[in-house]
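Asks: My structure is below; once you've seen it, I'll send some questions.
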Amino acid sequence: MRFSDFDLRLAAFGAQPVHRGRIARVWLNGQALDTGTRRRHSEHFLPLALREALPALTAELDGLARVHSEHAGSDGSRLLVALADGQMVESVLLPRDGLCVSTQVGCAVGCRFCMTGKSGLIRQVTSMEILAQVVLARRRRAVKKVVFMGMGEPAHNLENVLEAINLLGTEGNIGHKNLVFSTVGDRRVFEALPQQRVKPALALSLHTTKAELRARLLPRAPSIAPDELVELGERYARHIGYPIQYQWTLLKGVNDGNDELDAVLRLLKGKYGVLNVIPFNSLEGDDYQRPDLERIREIVRYVHSRGVLVKVRNSAGQDVDGGCGQLRARATGADQVVTLRRAPRPQAVQA
């Protein structure tokens, strides 16, 4: 179910825009639908037909998603979320009141270093199911930032994701720059985002400056050369007034050489953006491994000292074997599941 469908149902119960907005706000804050205002109880505010429908509506909303299991970790608690049809997605409670949500069950891009991509795309996550992940998190703690970096490629579920972003940036009371749309790069994204009422921050999965290598690592991503992707990102960054996050998963011996670093400096120097280097969350038996800690430090120092802002981001859930897609793979017993190895707890990396 999409939120637009739910909104029409509220209208059918006699709810005016002010009533529908109130219902959306209290739900997105994790509160009961009959929560009143400071001055009035809901029985003096909501239409009678809507009040009588609230128990059934509450049951329906609660049935959208539930926490199947919670896995606490030093870098954030990962929630395995069961949807109404039994499919599962993952959400991560991040430090500083952040939340990472999933936008698809599985993913069609098939990134070679991502567990989610191994299962392929199973189905889209609706806007209501995306919002339900936020509701579940807010019933546990405050959520002031939502990043669309969980399972799935948001660009492949654009209507549902944009609808969720619009609700979170209005009725959900989250600042627009604290809503982060993450994508491998799709021209539809650069066409759609500038036209939205709520214009989110943008994270672009760059990973390499070499077009051929990027095509191998992200086999079903749109064919956009890295330099063109950066130019598209720069145009959007200048339009909205906050920087692009360029994502770079560090793979030992693949994209961590000085030739790559020099090339990324040429691409990003002077651009309104930040390079997020993400040491790979190692999987036993996988083709890829993360660079050692000293090499990661060298990379950060090298890039930072030459004028490009760089930050180290570690994939949340490493100490609970919970990198993106891993909990779902274990829970569903997917054929593609490999034996997981806990990566060493990341140490602080000094620039």
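Glycine is no exception: its Cβ is also placed from the backbone N, Cα and C atoms.
Pulled these from Swiss-Prot:
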- E90: active site, proton acceptor (ACT_SITE)
- 93-319: domain 'Radical SAM core' (DOMAIN)
- C100-C324: disulfide bond (DISULFID)
- C107, C111, C114: [4Fe-4S] cluster binding site (BINDING)
- G152, E153, S182, S205, L206, H207, N281: S-adenosyl-L-methionine binding site (BINDING)
- C324: active site, S-methylcysteine intermediate (ACT_SITE)
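Are these features on the surface or tucked inside, and what touches them?
Replies: All protein chains considered, the CB of C100 (disulfide bond) has 26 other CB atoms within 10 Å.
The Cβ of C111 ([4Fe-4S] cluster binding site) lies under 8 Å from the Cβ of G117, V184, S205, L217, L218, P219, A221, each on the same chain and at least six residues away in sequence.
In the three-state DSSP reading, L206 (S-adenosyl-L-methionine binding site) counts as coil.
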Asks: Using DSSP with the three-state reduction, classify S182 (S-adenosyl-L-methionine binding site) as helix, strand or coil.
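Replies: It is in a strand.
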Asks: Taking only the Cα atoms, work out how far C107 ([4Fe-4S] cluster binding site) lies from G152 (S-adenosyl-L-methionine binding site), in Å, as a whole number.
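Replies: The Cα atom of C107 ([4Fe-4S] cluster binding site) is 5 Å away from the Cα atom of G152 (S-adenosyl-L-methionine binding site).
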Asks: Can you tell me how far the Cα of S182 (S-adenosyl-L-methionine binding site) sits from the Cα of E90 (active site, proton acceptor), in Å?
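Replies: E90 (active site, proton acceptor) has its Cα 16 Å from the Cα of S182 (S-adenosyl-L-methionine binding site).
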Asks: Rounded to an integer, what is the Cα-Cα distance in Å between C114 ([4Fe-4S] cluster binding site) and N281 (S-adenosyl-L-methionine binding site)?
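Replies: Counting only the Cα atoms, the answer is 9 Å.
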Asks: List the same-chain residues at least 6 positions away in sequence whose Cβ sits under 8 Å from the Cβ of E153 (S-adenosyl-L-methionine binding site), in sequence order, or say none.
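Replies: E153 (S-adenosyl-L-methionine binding site) has long-range Cβ partners T103, Q104, C107, A108, V109, T183, V184, D186.
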Asks: Work out how many Å separate H207 (S-adenosyl-L-methionine binding site) and C100 (disulfide bond) at their Cα atoms, rounded off.
Replies: 20
